[in-house]
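Worksheet for the structure shown next.
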Amino acid sequence: MENSEGVKIESTVVTEEPLISALDIALFVVIITVAYFWYFKRDKQSSSSEKKPYTIQPSSLSSIEQTSNSSFIKKLKSTGRSLVVFYGSQTGTAEEFAGRIAKEGARYKMKGMVADPEECDMADLVEMKEIQKSLAIFCIATYGEGDPTDNAMDFYEWLQNGDADLEGLNYAVFGLGNKTYEHYNEIAIYIDQRLEELGATRVHEIGLGDDDANIEDDFVSWKEKLWEGVCSHYGIEETGEESNIRQYKLVDCSEVLPERIFSGEISRLKSYENQRFPFDVKNPYLSKIAVNRELHKSGDRSCMHIEFDIDGSKMRYDTGDHVAVYPKNSSELVDKIGELLNADLDAVFSLLNTDEESSKKHPFPCPCTYRTALTYYLDITSNPRTHIMKELIEYASDPKDQEKLKLMASSTPEGKKEFHEWILRDNRNIVHILEDLPSVKPDLDHLCELLPRLQCRYYSISSSPKVYPKSIHITAVLVNYTTPTNRVNKGVATNLLAQLIPTNDELPQPTIPIYIRRSQFRLPPKSQTPIIMIGPGTGLAPFRGFIQERDYARKEGREIGEMVLYFGCRKKDEDFIYENELQEYVANETLTKLHLAFSRDQPEKKYVTHLLEQNADELWNIIGEKSGHLYVCGDARSMAKDVHSIIVKVVMEKGQMTNSQALNYVKKMEQQKRYSADVWS
């Protein structure tokens with residue numbers, strides 16, 4: 001019944017309770033409803049996935065393809081090959097070297113293939129002995145703090161954790177590294193030694209390429225001796241002159257529908273129109289430029305503070321991480337190539353691998369126009385390597401141009417000298433070569449095959465996610481310089497960024513593709529731990545994020561340890577970046593001490609290393625007596641090395657240690673992550 005207010009009142013009459021109550025029925029209806037909608041949604045997603053746009057993914061395989069193609073042994077056997085060249089590559093150079101070795105194998109009756117260890121079951125190495133006169137070559141790069149490249153990580157861990165019997169495996173290793181870094185070629189050296197420990201036979205000694213000097217020369221010299229060792233080991237002879245065999249064939253795509261043509265996407269077609277999380281190297285996020293302002297107060301140089309908007313992207317970063325920026329080449333250089341080769345840059349084409357067994361069907365996303373390829377996918381501003389000189393010979397109609405290219409492509413002392421002076425010292429790129437050797441007119445599709453991929457540029461993030469969770473900040477110096485041939489070379493990424501100025505009106509804001517690369521450059525877990533930061537110039541970038549994070553902790557009421565910053569630049573009134581911010585952090589005591597070195601504000605140059613030597617007591621107090629952390633960011637070639645020497649000297653003197661004891665102490669600091677470096681050469 002109901003009362004006067006219409007509210008139902010329970011009857012006091014006792015009735016027998018039914019087997020299924022109203023509540024049970026209600027719950028059953030809810031469960032059926034949820035199940036129905038779940039099934040309908042799943043079916044809808046499945047249906048939509050079947051209708052997804054046409055895509056080509058040259059950089060990766062689908063999971064099904066990876067499973068079916070993971071056995072490189074089956075590929076070798078089914079195609080009559082005996083040579084496999086694995087690469088561990090972060091920037092593309094190791095992959096390029098691997099391709100050149102595999103190609104040359106034909107000269108020694110060894111049909112070769114290139115393989116990405118990430119896409120292979122590397123445990124199959126134990127079966128290499130089943131293939132007659134087989135050989136596995138590893139072109140392996142080391143980057144960061146002695147880390148393997150992303151695509152070689154699983155293989156590296158397999159070697160570390162496994163104990164496979166590799167007896168019968170013949171191998172050789174070439175490493176790619178940089179002598180300015182402490183962990184020079186550490187991964188390649190480990191792989192070379194570990195393979196031998198597991199029973200494999202080294203056909204030729206390891207090659208160590210130094211990117212700080214001339215890694216091309218290192219590679220060519222090692223490669224020549226490698227083939228001598230291969231001939232000796234297998235009792236074979238070279239079959240004759242190497243022919244310039246194309247790896248890719250040209251496919252006319254003029255009839256392809258416009259919506260199926262790549263226009264600059266890294267991997268997935270239309271990925272910039274239909275953004276999908278997660279964002280990574282193959283799927284970058286198209287970020288708006290929220291802020292782009294000049295940091296230098298005067299002078300003819302430029303340093304930019306840029307903020308990338310990541311609001312709504314679900315991207316997360318940690319203080320000390322890097323952001324990768326995908327650049328594009330200037331339209332002037334691209335147009336110049338079209339003019340020099342009298343080519344239609346808007347023609348649509350594809351390059352298809354002639355090796356049907358290769359997992360890499362295209363050298364870059366195809367089909368696309370030549371303009372797109374030269375703008376987004378190919379590196380046209382770096383110094384070409386010697387193998388490109390060799391491939392260009394056949395396109396030279398002038399005997400003088402032909403002879404010059406032959407000389408630079410040769411491994412003779414005269415050839416190496418000419419290549420070093422004319423290409424490296426004079427800083428010529430492919431555009432300059434085509435200008436200065438006017439009779440050289442390569443087919444544009446062949447040139448696109450030869451040129452290396454345009455790589456993303458990495459910048460230390462100069463903000464803290466605690467303070468700026470919706471944006472990523474970087475600090476970048478504009479790169480412009482005049483070469484010995486009086487040409488002006490411009491940094492690909494920084495000159496593009498300089499043009500991306502946000503507006504205050506309703507026009508679409510400028511955008512650029514980015515993704516976050518994780519770093520080991522981290523603040524101590526405890527905010528009370530004292531730290532010393534050494535970062536002249538743009539080396540200040542990650543420390544700006546460090547200071548922001550500690551300042552955030554202080555404002556939350558947490559105790560923070562001493563923060564000492566060493567910063568240097570040329571002139572206080574010219575390039576003292578973030579001056580007001582730093583002075584404010586000193587005033588509120590987040591920054592305990594700020595040591596400044598302005599190298600050109602007095603007759604004798606003064607650098608942060610001079611200040612570091614002068615403050616030996618403070619340095620030892622923090623890293624020795626208080627077990628604090630020390631961070632270095634900036635130039636690896638001189639500054640970082642000088643800092644390391646000073647640290648060892650201070651540890652010797654203040655810690656009363658011998659030189660070997662001090663070196664061990666500093667080494668232990670590095671192992672404990674109390675001494676970290678984020679440097680570049």
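Note that Cβ sites are derived from N, Cα and C of the backbone, with glycine treated the same way.
Sequence-distant contacts of G92 (FMN binding site), defined as residues of its own chain at least six apart whose C-beta falls under 8 angstroms from its C-beta, comprise P452, R453, Q455. The FMN binding site feature in TrEMBL is assigned to 89-94, 141-144, 176-185, D211.
Just so you know, the Cβ of T609 (NADP(+) binding site) picks up 20 other Cβ atoms within 10 Å once every protein chain is counted. Look at TrEMBL and you will find R301, T538, S599, R600, K605, K606, Y607, V608, T609, D642 tagged as NADP(+) binding site.
Residues within less than 8 Å, Cβ to Cβ, of V477 (FAD binding site) and separated from it by at least 6 positions along the same chain comprise R301, S302, C303, M304, T494, G537, T538. Positions annotated as FAD binding site by TrEMBL: R457, Y458, Y459, S460, T475, A476, V477, Y481, G491, V492, A493, T494, W680.
Residues or ranges marked as domain 'Flavodoxin-like' in TrEMBL: 83-227.
Positions annotated as domain 'FAD-binding FR-type' by TrEMBL: 282-524.
TrEMBL lists 20-39 with the feature transmembrane segment.
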Nearest recorded site to S599 (NADP(+) binding site) by CA-CA distance, among binding-site residues S89, G144, Y184, R457, Y459: Y459
Among R301, R457, K605, which are binding-site residues, the residue with the most C-beta atoms within 10 angstroms of its C-beta: R457
Closest of R457, Y459, T475, G491 to A141 (FMN binding site), Cα positions, binding-site residues only: R457
Helix-strand-coil residue split for the domain 'Flavodoxin-like' (83-227), DSSP-based: 65 helix, 35 strand, 45 coil
Annotated FAD contacts R457, Y458, Y459, S460, T475, A476, V477, Y481, G491, V492, A493, T494, W680, maximal Cα-Cα distance (Å, integer): 23
Inter-residue C-alpha distance, G491 (FAD binding site) and Y181 (FMN binding site) (nearest angstrom): 23
Inter-residue Cα distance where the pair is W680 (FAD binding site) and N178 (FMN binding site), in Å: 10
